[in-house]
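Trainee: Here it is, the structure, as structure tokens.
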Amino acid sequence: MKVLVVDAGGRGNAIAHAFSRSEQVKEIYIAPGNGGSEFFEKCKIAELDGKKIPSIRAIDEIVRFAKKCEVDLAYIGPEEPLSLGLVDRLEEEGIPAVGPKKEATILEASKCWAKDFLKRIGVPIPEYANFDNPEEAKEYIREKFNNGIVVKADGLAAGKGVYVCDSVEEALRAVDEIMVQKKFGEAGNRIVVEERLRGIEVAFTAMTDGKTVKPFGHARDYKRAFDSDDIEGLRDFYIGLTKKFYTKAQIEQLYREGKLINPNTGGMGAVSPHPAVTEEVEQRIMEMVVEPIIENFDKEFKGVLYPVIMLVEENGELIPKVLEINVRDCDPGAEAKLPRLKSDMAEISMAVVEGRLDEVEMRFSSDYCVAVCAVSGALKGREGLKPGYPADHYTSQPITGIEEAMKEAIIYANGIAKTNGYVTTGGRVLTVVGMGQSIEEARSKAYSALEKISFPGMRYRRTIGLDVPE
């Protein structure tokens, strides 16, 4: 069996790794992939006429490759090619694909639409309002602010369009960045403003063939760029961002007063599973959230449904409330949960495209995985000091220690290229995954492996998993 995985980062490499463990699979192609996509057996970068596929947006080239290589199955990782209709195109050519068609991506492509849909079908959500006028949004924030508020760009923003605000000033700045300064382009033409919930946030995934829907693992995701006590890191970031000098004390005061934020990212790490998601809680999420979405959504949907859940305690029970919906697997949550998958990835995927998911059992190891992202941090170079991920960062920095780190942990490449050695190409560079019978054992393996890796400007959060009870 030949499988094509469409992705450019760590999630795609984790998906390919899961397929590589199936005896049914002989070859796995990753398009466009990256310099670490061939870390695992059976995996190779897709090439068309001797050239790599240029990007996840190169729909024509991806379809041509799939036809030419006669792949038996395609699995789409990111939201962008899904929203561009890649599954539609592949199926037109007779190539089965795991992922929703273009019209079904509205669930992720418009947060405003999704919030209205969830409210209509009775799925628990935070109090919210949608806006296409920044001044009206600001007026609402001034009236409604109570212990935090969240501002979200309506459209696709690579996981960076969400601002979790601790003060009115932060929220007003978020509105300006999204709607006035157009930080995310047309994705910020509309916004969602919602109450900030307190609880346990979980990236919950389910797999569906359009009829049957089953849990597909979950993770605790870490979005903030810096640990809460990493004032030195915040200082370097904001000096690089604003080109102004700050002392550590000034940054600490501005941070405490809510005049600067710890920025959100696509993800700095993840832990899977979370002990709070017991069988009872998982069933509650399925019954209150996942099943109603699939049953009431009027468009064909097959593939991964990924609602971001806040588990809020009410009357002694953890109640799931949906923060947003995604139509693909989580990242870096996938890197934390897929190493635990014991079921055959190829068998699951074929059951999805053939409409017989009811015949397949989803089994995950009881082990814990802790995934920590090594990112391109603040670095001074030819163009001066750059702030680093999630803002502008240097690339082409040499990486050492990957092979040594592989002896202790699983390494998924997010943004690297292979030349004479390995060099950085992105903000998120590597996701290092430790696996063990306890969270502490998994953390120890991940951080021990990270100490063996080095590149200029490298940084990572040091507290991933510390807040998760055993």
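Backbone N, Cα and C atoms are what each Cβ position is placed from, and that goes for glycine too.
According to Swiss-Prot, the feature ATP binding site maps to 142-203. Under the heading Mg(2+) binding site, Swiss-Prot lists GLU324, ASN326, citing sequence analysis as support. The domain 'ATP-grasp' annotation in Swiss-Prot covers 115-354 and rests on sequence analysis.
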Trainee: Using a 10 Å cut-off on Cβ-Cβ distances across all protein chains shown, tell me which of the binding-site residues (VAL150, ALA158, ALA174) has the largest neighbour count.
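Mentor: In terms of Cβ crowding, the pick is ALA174.
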Trainee: If one looks at the chain holding LYS182 (ATP binding site), which residues at least 6 apart in sequence have a CB under 8 angstroms from its CB?
Mentor: GLY188
Trainee: If one measures from the C-alpha of ARG142 (ATP binding site) to the C-alpha of GLU324 (Mg(2+) binding site), what distance in angstrom results, rounded to a whole number?
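Mentor: Cα-Cα distance, ARG142 (ATP binding site) to GLU324 (Mg(2+) binding site): 23 Å.
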Trainee: For a quick check of packing: other C-beta atoms within 10 Å of the C-beta of ARG198 (ATP binding site), how many?
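Mentor: Taking every protein chain into account, the count is 11.
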Trainee: For the C-alpha pair, I'd like the distance in angstrom between ALA174 (ATP binding site) and ASN326 (Mg(2+) binding site), rounded off.
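Mentor: Counting only the Cα atoms, the answer is 22 Å.
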Trainee: Note down the number of other Cβ atoms within 10 Å of the Cβ of GLU324 (Mg(2+) binding site), including every protein chain shown.
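Mentor: So the Cβ neighbour count for GLU324 (Mg(2+) binding site) comes to 21.
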